[in-house]
Ligand SMILES: Cc1cc2nc3c(=O)[nH]c(=O)nc-3n(C[C@H](O)[C@H](O)[C@H](O)COP(=O)(O)OP(=O)(O)OC[C@H]3O[C@@H](n4cnc5c(N)ncnc54)[C@H](O)[C@@H]3O)c2cc1C
Ligand SMILES: Cc1cc2nc3c(=O)[nH]c(=O)nc-3n(C[C@H](O)[C@H](O)[C@H](O)COP(=O)(O)OP(=O)(O)OC[C@H]3O[C@@H](n4cnc5c(N)ncnc54)[C@H](O)[C@@H]3O)c2cc1C
Ligand SMILES: Cc1cc2nc3c(=O)[nH]c(=O)nc-3n(C[C@H](O)[C@H](O)[C@H](O)COP(=O)(O)O)c2cc1C
Ligand SMILES: Cc1cc2nc3c(=O)[nH]c(=O)nc-3n(C[C@H](O)[C@H](O)[C@H](O)COP(=O)(O)O)c2cc1C
Ligand code: FES
Ligand code: FES
């Protein structure tokens, strides 16, 4: 396995030579629906050997992994993901890789972060990794979020682990000059993550919870209407809940505001070859026709109106 | 898996209540060649959960594992073995159990020891276990060594890991009133193990090495003839080398001295069910006829003259 | 109290769990009370005495084993004299498994077992190691039909032929066996396979080919059990890669009435009582009063036509 | 310098390593130089445009995967317009894989590919997801014969039919394919299998059944490849569970001339160049100058008669 494996350049850049994460990278490496790799990003996708810096619990269910990543991996954009080789753990060895969104990219620090829920065999294996271990990360893969040209106010509506996918868009949108409002939905206060990180990058974070029913659809819709009323959204992004997706589709259509959603699906290859990761989508411009698209290659970020709640 | 699993009684007996390893146990739990369990040992075979006390390297290839074992496991006799569930290790997970001879049994201390060579996936998994871990050991299994009634002088001829199997017979034979001469054959001095342990239990240990060619068959035969000349052997036991087995068969026949050999074979069940572990043997009293016997159930200790070198 | 009992033709078993032939022997009685089993199935015997094939007889993979044993047998007389009395001390019905070289010999050996206390006979027409013109009986619907007829008329006992997964037409063979009057089907025996040691260039089992068994084969074995259960009216006994209550359930959901545990017995001699305990625990957790209500309870995915009009998918 | 080249009928490949159809696509070109491959095999296409089956399309086991994809296809025209030009930028021969509903359609699509730059066509007569009277072409020697004839006469290209391991009579099908003029055989496609989620009672892939692939299937696939290689004179391309140089060697020792890597590409997109490097390293270590000298070099165990006279066993 000595092909196209890049090693993290140690030591990571810590100051000087500040590389902007956006420079040279592209949000949409390949044209959606096409099989041919575009020219723009050719060569950035690779198996990267990343050295773990830390891998800590953030609450009872989620862990936060920080790795040193080589330059090509640092070209990852918000919404893109890595396909991770999971080491053997207490529940055994995962046969296939596991997809994981980039939760934070800090090119200046040579650092990528993941936020993940420990679920089954693969994430259990990841959870047992310790500082100094090497993570084989294939990527960056897929299409990230694409903000519209004129973008004043971005809504991030995240549920549960969907936050891991949306979080990096906050800083990215702020850097692009937009105001960012993040609405975080969780079962309970203890499960709300990243509020501080979002505020740090300049987003306005609101919390809605199952505990006090503020996450129910009716109060949530009311809250979004108020937010939109006081400062109209120009882009809606969501991840992690089917019901929230349906709500944003409705509101987006009513307000004529575009949006995107990041979707999950079980994956085989992660690079468009196996067609295992499809979901049905509405054909562009033809609401009656559906077709399958590959989450790994045509997504995982899709137009909010073309996506079918499942 | 809550059936017939016995737990090590913690804390292990350290003094007082000295239980002699021989009391109540039987060297030959089931009649050779029979399928029906004898009555003598019914119930001693079980899956024992043994707590690891230590697991250290003795040289570059071998590790020495000491475990606290429950009473039924302590009934193991020299030559018997345990079928070990090997945990996942760096080379993966062994699907089947792995057979391992008892290297030392100390009932008074509630302790069993194994001496093993780290070879493949299973022994790699064993080698990664640490003090406090739990070893699932199925046994004691098979027929151990059976010393003849009148037994003045026992020869133990061991090569490599064969020593692990023969070692406990030394103390056992000494306790039974015999003089014990152990001849240990190894590639080099560094690979000779257990010299001290054998001396401690009262055996006379001789070393022969590949390094100085003292382990070659001609000098070895000469040495054995000298030893036999000065103090005739009444029982020959060997393990670990085909050429040494053939030599002892010849000398045993010439001297009219009985003997036994412990044999290895790849195993499935370890309890006589699958017939995977057979080797061909000469039928008793009929040198021309061969038949397969199960190493796990009819052995692993066999009459030296009935055994076919392979 | 969960009712675990199932009906297999004329037999009612206290629970659906039994050993797979050849993976269980007298020694297992040391590890748990055999009275806990639904039935006891013994290793296949032939009437003649056989040694089996030379070692090495086993090779191991990450989640499967390759065994080539070759049906060593002490013969029918030894079986009647020693094996039957040993197991008759236990209450679960005793199921003999037999193999033979010809249809007639299948009948003769079955006849010999009649009246011995054996409750049913498995017909091992599928063993990949026994060769007859290079083709096992179980690869051939007509031959299987004849074996079942011969055994049934000679013994009067319930006959359970055991399917071979190597046949491309297992369903045809199953239907032929049903037509011949089989009371149940065992689905399936081991899958013919091989492995080569790339350092020595030698096959990893001396017989070159052996039967692949264990966890890794389960999805294939489940598919074949499902296909047979769909096709026949008689009960199907699932076998192949079952090591846990969940595995057993998977076969029952696919339509099997009972199940056999094979290679898992080697990994833990108490695998079968554990499977029974796990089945009970599952039923309790899910509030299921009779395990048999789960037989065939798999729910296929609703068809999702892609090119639908405006309706939500 | 180790000579890795092999001859497959009229084609000579620089080395025996190529992707298995459906496990490799344009995206893989990002990970290594495709010029390193022995050949490039593309995903099966049909001439009509197909969506494939609904998700979930994959289930995973400890050492295998169950995929049910259903041959989504953008059709023959797209293939000629987009896929062929993409891969013609690389030097290894391009092998198309096609499937169809009828013998005639197999011929028509093969004819369409003639002169396009495709060097040979794999006939996917074995896909377990495509149903025709519930029976794949590849289960039937006669149908396979006709498919090969139709494709050959329509295209004039070398035809490589791909065997299905679900057929009990693979050797018969292989012989029929050889007789029809196939230049090589690919052995084999995925094994039909299923799995059920015992909590939801739902099949784990929406299509209920899928193809079991990956490491765990290797001993079965190796056995079938060996059986075919023994029976036919034309070269056999081994496929099934190959992930390393040692796996590839195992198939070559069993008589295969070349090999395909499938599921292992998902685990590492650089699996194929690694296999090539490992084959080279093996030959260097063992002093083998031409890899092809290992084809069929397995040495069976010498027969060891048990009941021999006085001679040592
Ligand atoms: C593009 C993408 C980005 C993702 N990003 C993140 C992330 O940033 N943080 C995070 O915690 N999770 C993320 N996921 C989900 C993550 O991939 C799964 O949780 C993980 O694969 C589970 O693996 P496992 O072996 O632990 O669980 P398994 O034992 O495989 O399964 C446990 C449960 O998780 C479900 N599951 C398994 N794989 C997936 C999958 N690929 N997508 C959705 N559900 C799955 C199974 O259906 C099952 O219910 C992402 C998924 C995708 C497709
Ligand atoms: C009754 C008995 C007692 C034994 N006692 C000891 C002991 O006290 N100390 C010790 O170090 N070893 C002992 N062995 C050998 C030990 O069982 C094997 O070394 C072990 O199973 C190898 O497992 P592995 O997974 O590490 O190697 P694998 O990856 O399975 O194989 C590595 C190599 O070991 C060989 N091997 C594997 N299993 C066996 C086996 N059962 N017998 C012989 N060779 C095998 C393989 O053929 C291969 O060459 C004993 C074997 C038997 C049958
Ligand atoms: C060592 C061994 C011996 C076997 N012997 C027989 C046999 O004598 N008769 C038979 O019908 N099946 C025999 N089988 C097949 C099993 O009964 C069973 O069908 C197969 O192992 C699949 O189940 P499993 O995956 O649970 O092991 C044997 C299997 C193994 C592993
Ligand atoms: C996701 C997936 C898609 C496949 N698609 C095809 C296909 O289109 N045509 C084909 O002939 N085989 C197809 N196969 C089968 C493979 O080509 C190969 O025969 C099989 O996977 C066994 O090899 P492996 O164990 O190395 O994966 C597919 C396999 C997988 C896993
Ligand atoms: S995971 Fe293979 S195409 Fe998406
Ligand atoms: S290992 Fe099963 S009979 Fe010996």
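Even glycines carry a Cβ here, placed using N, Cα and C.
Here TrEMBL flags A:98, A:99, A:100, A:101, A:122, A:123 as FAD binding site. The Cβ of residue A:100 (FAD binding site) has 24 neighbouring Cβ atoms from other residues within 10 Å, across all protein chains displayed.
For A:269, A:274, A:277, A:296, the entry in TrEMBL reads [2Fe-2S] cluster binding site. Sequence-distant contacts (6 or more apart, same chain, Cβ under 8 Å) of residue A:269 ([2Fe-2S] cluster binding site) comprise A:83, A:276, A:296. DSSP assigns residue A:269 ([2Fe-2S] cluster binding site) to coil in the three-state reduction, outside any helix or strand.
Sorting the domain 'FAD-binding FR-type' (A:45-147) by DSSP state (H, G, I as helix; E, B as strand; all else coil) yields 14 helix, 48 strand, 41 coil. According to TrEMBL, the feature domain 'FAD-binding FR-type' maps to A:45-147.
Annotated region 'Disordered' per TrEMBL: A:1-20, in sequence order.
For residue A:277 ([2Fe-2S] cluster binding site), other Cβ atoms within 10 Å of its Cβ number 29. Cα separation, residue A:122 (FAD binding site) to residue A:277 ([2Fe-2S] cluster binding site), rounded: 17 Å. Among the binding-site residues A:100, A:122, A:269, A:274, residues whose Cβ is positioned under 6 Å from ligand 5 are identified as A:269, A:274. With a cut-off of 8 Å between CB atoms and residues at least 6 apart in sequence, the same chain places A:268 near residue A:274 ([2Fe-2S] cluster binding site), listed in sequence order. Each of the binding-site residues A:98, A:99, A:122, A:123, A:269, A:296 was checked for a CB under 8 angstroms from a CB of chain D; the ones meeting this are A:269. Of the binding-site residues A:99, A:122, A:122 has the largest number of other Cβ atoms within 10 Å of its own Cβ. For the binding-site residues given as A:101, A:123, the lowest number of other CB atoms within 10 Å of the residue's CB is seen at A:123. Here the Cβ of residue A:296 ([2Fe-2S] cluster binding site) has 27 other Cβ atoms within 10 Å, regardless of which shown protein chain they belong to. Contact annotation for binding-site residues (A:100, A:101, A:123, A:269) versus ligand 4: none, no CB falling under 6 Å from a ligand atom. Neighbours of residue A:98 (FAD binding site), defined as other CB atoms within 10 A of its CB across all chains, total 22. The record assigns A:98, A:99, A:100, A:101, A:122, A:123 to the FAD binding site, and the maximum Cα to Cα distance across that set is 15 Å.
For residue A:101 (FAD binding site) paired with residue A:277 ([2Fe-2S] cluster binding site), the C-alpha to C-alpha distance reads 15 Å.
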